[in-house]
Amino acid sequence: MNSLIRKAKCKTMTCLLLAQLLPPSTSLINFNSPPRSLQNPAPYQSGLFVPCSRSDFRRWCSGSGMANRPVSSLQSLQSSDSVSYLSQREAAEIDEILMGPLGFSVDQLMELAGLSVATAIAEVYRTSEYNRVLVICGPGNNGGDGLVAARHLFHFGYKPVLESLSVPFLSVEDLPMDLSNDFDILIDAMFGFSFRGAPRPPFDDLIQRLLSLQNHDRLHQESPVVVSIDIPSGWHVEEGDVSREGLKPDMLVSLTAPKLCAKRFLWSAPFSWRQICSTIYSLRENYISPEFLEDQVEPDPFDQFEKWFADALAAGLREPNAMALSTAGKDGKPSSRIVLLKGVNKDGFVWYTNYESRKARDISENPHASLLFYWDGLNRQVRVEGFVEKVSEEESEQYFHSRPRGSQLGAISTVIPGRHVLHQEYEELEAKFSDGSLIPKPKHWGGYRLKPESFEFWQGQQSRLHDRMQKEFRLDGIVSCWYVQ
């Protein structure tokens, strides 16, 4: 078996199956109906925690194996209200509901859990850099999650196609002495949230072996990354690494929701690193939408937009008129921001803004721009490209005076030294126009109209074969036919 591992070193996935039954003091709760750490039957949800280097930002993991995209600050996650945690009792109760009234089997839940784990790993650790995987499976449901994850990882490209579909199995005795030479990722699937007590042989020795490997390699060379499923082995499900002899994983995939011990993982020494928390199903959304066929599309793209916009209004989506406006100046550097649609007809799409802003400078240098409407609740988006021009002064005046007085006062503001100046000037303007007199529209404020040159309507589909309909305007003003892309 060791020779097989060496031959397949380019892309190898191996499972270490530890099938010994644990004594009653450390066995799974309710063995006849094993608890599973899941919450929502559909879609299945998973959380992901990854420590990053001290110099890194807090990051999301998303895209095709692309990790490390900076997002908001760490403080937002440190709030007790920003992440929900489950106690051991709560996790067990959720499983009882799933396998009781909801009728899910252990196999179904294990399949969902393993898929989430594999997806999380594939999102963070690309096969081009981390292609040799050791899955260490314990005797309970956590070990089953690891086996399912191994199967999905195989399909994600962590094993050569020329090998048989069966995953190689090893015993503890067959493991190579130096795991860092043979594996890039070590998946800890030994114990789940129902584990109690101290690890018994052979688990205790294996945990210490992995710890020694981490400590040695961090000082001398790059170590394999350790990924724990739900609970780092050796940890108490609620109190964390009480004995300080548990695994110190590089990544923790939490099923359903983080257990209470995840708090210790995020902020315990020596891991003063930053972390991420991501929802797995949001990375792989299962779109459920009606088909969007050519014969169902309105001949006029403005009519089709009006139809979809009415659907967004009827669905109660928040700010369905919000649109991403993308522009580029003469230097070719693009920029995007969200603006609000304030009017649409056959002449184009209208919004209002400050004529001294960056988007205004871009438009003055390069009048070509694009709009993107994204209606998440309907799995739809509309992209419009075209030529931008200012609306008439009369049109800007009319809209300006239709706004609330507070919004009119806010439009008068320009670039200032600090927020205190903003508040001071706002209060002065409030006092100046407190008698209800007409507030004059600033010269630097007004509207733009994008005159479309092309439309694209996109409808997400569960098959991932999304529907995309496009239509373009010819220079003579004639609208082209719809075509599918």
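Even glycines carry a Cβ here, placed using N, Cα and C.
Cross-referencing ASP107, ASP174, ASP182, ASP230 with the (6S)-NADPHX binding residues that TrEMBL gives (ASN141, ASN142, GLY143, GLY144, ASP145, GLY192, PHE193, SER194, PHE195, ARG196, GLY197, ALA198) picks out ASP230. Between the candidates ASP95, ASP184, ASP188, TrEMBL assigns the K(+) site shared with ASN142, SER233 to ASP188.
The number of other CB atoms found within 10 A of the CB of ASP230 ((6S)-NADPHX binding site), across every protein chain shown, is 30. The maximum pairwise C-alpha distance among ASN141, ASN142, GLY143, GLY144, ASP145, GLY192, PHE193, SER194, PHE195, ARG196, GLY197, ALA198, ASP230, the residues recorded as binding (6S)-NADPHX, is 21 Å. One residue stands out among the binding-site residues ASN141, ASN142 for having the most other Cβ atoms within 10 Å of its Cβ: ASN142. In sequence order, the binding-site residues near SER233 (K(+) binding site) (Cα within 10 Å of its Cα) are PHE195, drawn from ASN141, GLY143, ASP145, PHE195, GLY197.
Taking the mean position of the Cβ atoms of ASN142, ASP188, SER233 as the K(+) site, the remaining same-chain residues with a Cβ inside 8 Å of that point are ILE136, GLY138, GLY143, GLY146, ALA189, MET190, PHE191, GLY192, SER228, ILE229, ASP230, ILE231, PRO232, LEU247. Rounded to the nearest whole angstrom, the C-alpha distance between GLY197 ((6S)-NADPHX binding site) and ASP188 (K(+) binding site) is 18. For the pair ASN141 ((6S)-NADPHX binding site) and ASP188 (K(+) binding site), the C-alpha distance works out to 13 angstrom.
Note on ASP188 (K(+) binding site): other Cβ atoms within 10 Å of its Cβ, all shown chains, come to 30.
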